[in-house]
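Below: one structure, written as structure tokens.
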Amino acid sequence: MEAADYEVLSVREQLFHERVRECIISTLLFATLYILCHIALTHFKKPAEFTTVDDEDATVNKIALELCTFTLAVALGAVLLLPFSIISNEVLLSLPRNYYIQWLNGSLIHGLWNLVFLFSNLSLIFLMPFAYFFTESEGFAGSRKGVLGRVYETVVMLMLLTLLVLGMVWVASAIVDNNKASRESLYDFWEYYLPYLYSCISFLGVLLLLVCTPLGLARMFSVTGKLLVKPRLLEDLEEQLYCSAFEEAALTRRICNPTSCWLHLDMELLHRQVLALQTQRVLLEKRRKASAWQRNLGYPLAMLCLLVLTGLSVLIVAIHILELLIDEAAMPRGMQDASLGQVSFSKLGSFGAVIQVVLIFYLMISSVVGFYSSPFFRSLRPRWHDTAMTQIIGNCVCLLVLSSALPVFSRTLGLTDFDLLGDFGRFNWLGNFYIVFLYNAAFAGLTTLCLVKTFTAAVRAELIRAFGLDRLPLPVSGFPRASRKTQHQ
């Protein structure tokens, strides 16, 4: 063999080893996410649905739970996708010739983006509908009972749903873009139809983030205030403990004397209320034992960090709005070649990249908080060891829609200059200046409005409680007038 043949074989062998290494790394990363998601869903599932007398229902629920675990792992991977790419680029810039990070390259990052896109399509379009129909199916009438009969019914329902969605997408494409070439492109199922359908789902996810994130940014202050111990000026733990003990004693007397003047008592409800009060009292006892450092320093620092992160997010979006008006390069766009390790995607270097990652995670957490705080999705909130299987499926679908739209959301708002890789950059609406500009303006306006309203109301309420004005028989804003019966008591 000639030297050229040996060189070609060497290049092919090296390319083969790189592909195998990327597959192993991707598998290990996904396996880690899968295990974490399985542990989380195990703590939220309802044990009664998996230990039923009917083994068939238990088997169906176990299969559906595994599909939900896969979907939730994909959602978590979509959340980590953009931060992992930004950090990888900064690591390659800082250590370009380090032997131990040679596995971290543009090919691996590009492959992860493609895998997340593929698995997101697979989960949203096939796995989650299959899991829902599988749990609700009973088999065709007259057919043999068993898991296999449920599978047949689920497959038929899934095929009918696919045809229905295919027709709706085809009609929508004809209405939006009345072009023969665009309609014929939908016949190519993998190259055009699935990306187009996922583009529509991603657009709905970005709109959902636009609504939930400002609400979550405003709710983060109250949620953090409930988790941390406030200074004594802002809350009286002794009074809360006294009220909790008084209510527990009153409920205990009702339970011990069911034949008294109280009629039609729901004993199960009373027992649940007593358990809730006991849990609340234990938490209040722990908060009362908190140190002075934790009480007087932790809460103000947490509030200051939230305020800085929120203000920084709004400031970056405002700057991005000005860049959109001046420079066309500020528009979000896709990137087919992941050339990492050449230039930083932040003007502040590694420090700016860290800020970008922190802001992305902060906005994602805020969007989840806002999602479960909204009145439309509050009933979907999971409960510890008391979440039905259909509710788990709904949560996984919603979280996947939110998380898969996070890279597009972050790039559209200008939180990072890292361009979208793979099919994430092929969304048609990303090139529309009016949509991107109005989206940025709406986010900045809604976030500012929610913060001003929530912050002023929270400060006013805390000051009123601190000075004891809420216990006065005065018509104070935000507190109802005390009744005469309460005043005499």
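A Cβ is built for glycine as well, from the same backbone N, Cα and C atoms used for every other residue.
Worth saying up front: this structure is predicted, and the values here are computed from it rather than measured.
The list of residues near the transmembrane segment (24-42) in space but at least 6 beyond its ends in sequence, with Cβ under 8 angstroms from a Cβ of it, reads 65, 68-70, 72-73, 76-77, 103, 108, 111-112, 115, 392. Taken from TrEMBL, the feature transmembrane segment applies to 24-42 (among others).
If you look at the transmembrane segment (63-87), the same-chain residues 6 or more away from its ends with a CB under 8 A from one of its CBs are 29-30, 33-34, 36-38, 40-41, 45, 50, 109, 112-113, 115-116, 119-120, 123, 127-128, 130-131, 134-135, 338, 340, 345, 353, 356-357, 360-361, 364, 389, 392-393, 396-397, 399-400, 402-404, 406-407, 410, 416, 418, 421. Residues or ranges marked as transmembrane segment by TrEMBL: 63-87 (among others).
The annotation transmembrane segment is assigned in TrEMBL to 107-134 (among others).
Annotation comment: TrEMBL describes 155-176 (among others) as transmembrane segment.
What TrEMBL lists as transmembrane segment is 196-218 (among others). If one looks beyond the transmembrane segment (196-218) by at least 6 residues along the same chain, the residues whose Cβ comes under 8 Å of a Cβ in the stretch are 117, 120-121, 124-125, 165, 169, 172-173, 186, 310, 313, 363, 365-371, 373-374, 401-402, 404-406, 408-409, 412, 423, 426-429, 439, 442-443, 446-447, 449-451, 453-455.
According to TrEMBL, the transmembrane segment annotation covers 297-322 (among others).
Sequence annotations record features per position, and here TrEMBL assigns transmembrane segment to 353-372 (among others).
What TrEMBL records for 392-409 (among others) is transmembrane segment. The list of residues near the transmembrane segment (392-409) in space but at least 6 beyond its ends in sequence, with Cβ under 8 angstroms from a Cβ of it, reads 41, 44-45, 64-65, 68, 71-72, 74-76, 78-79, 81-82, 116, 120, 123-124, 128, 131-132, 135, 201-202, 204-206, 208-209, 212-213, 332, 360, 363-364, 367-368, 371, 377, 380, 382, 420, 424, 427, 430.
The transmembrane segment annotation in TrEMBL covers 429-452 (among others).
The transmembrane segment (353-372) makes no contact with the transmembrane segment (429-452), as judged by fewer than three Cβ pairs under 8 Å among residues 6 or more apart in sequence.
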